[in-house]
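According to Swiss-Prot:
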BINDING   Cys11, Cys45, Cys74  [4Fe-4S] cluster 1 binding site
BINDING   Cys144, Cys148, Cys151  [4Fe-4S] cluster 2 binding site
DOMAIN    2-110  domain 'MTTase N-terminal'
DOMAIN    130-355  domain 'Radical SAM core'
Amino acid sequence: MKKVYFKTFGCRTNLFDTQVMGENLKDFSATLEEQEADIIIINSCTVTNGTDSAVRSYARKMARLDKEVLFTGCGVKTQGKELFEKGLLKGVFGHDNKEKINALLQEKKRFFIDDNLENKHLDTTMVSEFVGKTRAFIKIQEGCDFDCNYCIIPSVRGRARSFEERKILEQVGLLCSKGVQEVVLTGTNVGSYGKDRGSNIARLIKKLSQITGLKRIRIGSLEPNQINDEFLELLEEDFLEKHLHIALQHSHDFMLERMNRRNRTKSDRELLEIIASKNFAIGTDFIVGHPGESESVFEKAFKNLESLPLTHIHPFIYSKRKDTPSSLMRDSVSLEDSKKRLNAIKDLIFHKNKAFRQLQLKLNTPLKALVEAQKDGEFKALDQFFNPIKIKSDKPLRASFLEIKEYEIKERENHAVF
């Protein structure tokens, strides 16, 4: 039986998609060791030029090693054809064909199968286990109806559509029966869940919370305008992780308008302050170096960031994507300036995060941590605020949910003895 190795680039949605493909392998076996694989399946990402480059490099490397390489994911529409025509790939297939992986692997001839995004395809595969066992990523929707000027993803994932609630509940129930204790709800635009089905993400979360064995629910990312009063009521519930990732993308209205974003700084501040008042950690995304971000604009944006109750951030440098409105804008920002701004933001939120952790210690807040791994004599876990904690213990703590009352604050994580 030939062995298949999955190389996954990009987001949590791609991780779930890889699990879907793995579940559909019938005449092949999956391996975690790249070198022993006969076939490499690249599940690609195309969110930035950097990810495109990393994907290309990996495809070339595998081709040089004389591996049989299949290519799928968001990169199919941006560089799949180019890599295929160069002879680096045995086959290319779009998102709609993941569940046909077993048949595709048996194809004798080279093939190129793209998606028709008008089909609004949704997978039906039930994932029976998840790598990592205790935490699982659950895709609840696909696609995005937002039209942000810088973003290429709607053109490769299609418009927003939601999985059936019954299927999601069944999927989570199955995984929890096999030891999963925490789920991370993911998708292209998670907060849009239910819009096409007369429901919403708050109602889904309430039903998920009733599943036996599920101890914590985490949400991948939300848009500010998707958080309504019904969702805010959930902040009082113990089953929801005390951390929300809210995609602001910038903290200056001029840039938000430039990006064709739906949020604005005043309402963003009001929302974040409400959430922070519930003792929640708050993360966000932030794009630096988008066309139009002058020095004065960034300085004002940075001051706004300083005053926001943020604890985590995923900042990245604007990446020019072909055929997006932003790619046609001329007032670009130098890479040197972009890097300086990126580092300034990272440093700011690093100190905010440490201050938040110190506050929790002062308030005698116990950390509720899910232990995921053991390395170098220490256990690694994530607490309810999405902060890492290292735990020294002689006990078999793997896959345990702990309440830690005594801990130390270190530079980048908390430490404890249990």
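All residue numbers here begin at 1 and follow the chain in the order shown.
Using the three backbone atoms N, Cα and C, a Cβ is placed for every residue, glycine included.
In the three-state DSSP scheme, Cys45 ([4Fe-4S] cluster 1 binding site) falls into the coil class. Listed in sequence order, Cys151, Ile153, Pro154, Arg157, Arg159, Ala160, Thr188, Asn189, Ser192 are the same-chain residues six or more apart from Cys144 ([4Fe-4S] cluster 2 binding site) with CB atoms under 8 A from its CB.
Within the same chain, the residues at least 6 positions away from Cys45 ([4Fe-4S] cluster 1 binding site) whose Cβ sits under 8 Å from its Cβ are Phe9, Gly10, Cys11, Asn14, Thr51, Val55, Gly73, Cys74, Gly75, listed in sequence order. Comparing local CB density within 10 A for the binding-site residues Cys11, Cys74, Cys148, Cys151, the maximum falls on Cys74. In sequence order, Phe9, Gly10, Thr13, Asn14, Ser44, Thr46, Val47, Thr51, Gly73, Gly75, Ile153 are the residues of the same chain, not among Cys11, Cys45, Cys74, whose CB sits within 8 A of the CB centroid for the [4Fe-4S] cluster 1 site. Those same-chain residues not listed among Cys144, Cys148, Cys151 yet with C-beta within 8 angstroms of the centroid of the [4Fe-4S] cluster 2 site C-beta atoms are Phe146, Asp147, Tyr150, Ile152, Ile153, Pro154, Asn189. Secondary structure at Cys11 ([4Fe-4S] cluster 1 binding site), taken from DSSP and collapsed to helix, strand or coil, is coil. Confidence over the domain 'MTTase N-terminal' (2-110), given as mean pLDDT on the 0 to 100 scale, stands at 93.
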